[in-house]
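Notes follow the structure.
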Amino acid sequence: MDSIKSQDYYWGRVTSNIDWCENNYEISPYICEFYNTFSSFVISAFGIYGIYLMMSASSRDQQLFEHIKILKKLNIRTQLILSYTSLFLVGVGSAFYHATLLYENQLFDEFPMLLTAATFIYSMLTIDPVDKEKDPKWYIFMRKYLPIGLSSYVIAVAITISIIRDCPTILQVAFGFLICSNVVLSHFYARKIKIPLSESNPKKFLLFCCISMLSAYFSWLIERKLCSNGNVIPGIQLHSVWHALTGLAGFYFVQFYLSACLEKHGYKTQINWNYGVASVRGFIKSSM
């Protein structure tokens with residue numbers, strides 16, 4: 001939200017197609033939206049934490065060491081690292097965007113959002129293993145044409161919003177479609193899990209994800225509708241709350257996928273809590 005004359009902005013005139021509730025340059029003359037900028041790094045922190053869980057191979061944490069060995073055996077570790085990396089980039093792009101409110105940095109925020117959502121769709125559609133020998137056509141589709149299709153969608157949307165700069169609805173609809181697709185896919189997969197929520201770690205992570213995402217959405221919506229003089233609730237920036245909760249939701253979605261994938265291949269899973277954040281560990285092959 002404008003609070004000083006545009007010619008006095010450190011980064012120059014605002015060129016993004018959305019100016020958020022937080023007053024511009026109110027805290028620092030060098031950072032346009034101070035709280036929205038630094039809260040963006042919470043998203044990146046969840047990505048870094050996820051990568052740490054994929055890379056920490058210290059034998060001192062034997063359980064994590066065995067967990068990573070299982071992921072390598074299932075050949076999903078690289079895919080998981082890509083998901084966490086895209087989540088990390090969302091946070092970095094968001095920080096650049098809110099620090100400057102320049103349209104080119106807005107794109108740096110939005111491109112990783114599209115990439116992350118598309119990566120999650122690919123993960124959900126490939127949980128069930130495809131036998132290359134028994135069904136070669138389906139294998140080729142899932143391993144070749146599906147990635148091409150998702151990549152083409154992301155590139156097409158990216159090109160469109162790069163050219164048409166004054167219509168945020170394009171990104172909102174395109175990104176919303178990817179999110180809705182993830183919701184539908186995860187819902188149908190969860191319905192196939194016959195054990196109750198209290199005994200199903202994948203269902204628990206999906207619930208954690210939904211609670212985080214819905215809370216984030218309502219924070220975003222309330223601020224958009226009720227913003228007045230730089231905030232809705234004095235001392236709290238609800239868009240910053242949106243950042244923290246969407247980062248958590250993205251992290252939990254990866255945990256949902258990972259726990260579902262592990263159990264699909266016959267591994268037991270357990271939930272580990274660190275500083276109030278849950279993550280999954282796979283261990284010991286269960287009887288099938």
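Quick reminder: no glycine exception, Cβ is built from N, Cα and C everywhere.
Because TrEMBL annotations are produced automatically, they should be read as predictions rather than curated entries.
Straight from TrEMBL, the features:
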| type | residues | note |
| --- | --- | --- |
| BINDING | D19, W20, E22, N24, E33 | Ca(2+) binding site |
| TRANSMEM | 34-55 | transmembrane segment |
| TRANSMEM | 76-99 | transmembrane segment |
| BINDING | H98, H239, H243 | Zn(2+) binding site |
| TRANSMEM | 111-130 | transmembrane segment |
| TRANSMEM | 145-164 | transmembrane segment |
| TRANSMEM | 170-190 | transmembrane segment |
| TRANSMEM | 205-222 | transmembrane segment |
| TRANSMEM | 242-262 | transmembrane segment |
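Projection of TrEMBL feature records onto the structure.
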residue	record	Cβ contacts under 8 Å, 6 or more apart
E33	Ca(2+) binding site	W20, E22, N24, H98, A99, L101
H239	Zn(2+) binding site	W20, C21, E22, N36, S39, S219, W220, E223
H243	Zn(2+) binding site	N36, S39, S40, V42, I43, G91, S94
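Apart from H98, H239, H243, the residues listed for Zn(2+), the same chain places the Cβ atoms of W20, E22, E33, Y35, N36, T37, S39, S40, S94, Q237, S240, W242 within 8 Å of the centroid of those Cβ atoms. The transmembrane segment (170-190) makes no contact with the transmembrane segment (76-99), as judged by fewer than three Cβ pairs under 8 Å among residues 6 or more apart in sequence. The candidate set comprises the binding-site residues D19, E22. Of these, E22 has the most other Cβ atoms within 10 Å.
Counted over every protein chain shown, other Cβ atoms within 10 Å are most numerous around H98 among the binding-site residues W20, N24, H98. Here the transmembrane segment (242-262) has long-range neighbours at 36, 39-40, 42-47, 49-50, 70, 74, 76, 80, 83-84, 87, 90-91, 94, 116, 120, 123-124, 127, 182, 186, 189, 193, 201-202, 205-206, 208-210, 212-213, 215-217, 219-220, 223, 268-269, 277-280, 282, meaning same-chain residues at least 6 beyond its ends whose C-beta is under 8 angstroms from one of its own. Secondary structure at N24 (Ca(2+) binding site), taken from DSSP and collapsed to helix, strand or coil, is coil.
In the three-state DSSP scheme, H243 (Zn(2+) binding site) falls into the helix class.
The list of residues near the transmembrane segment (145-164) in space but at least 6 beyond its ends in sequence, with Cβ under 8 angstroms from a Cβ of it, reads 107, 110-111, 114-115, 118, 121-122, 125-126, 170-171, 174. According to its DSSP assignment, H98 (Zn(2+) binding site) is helical.
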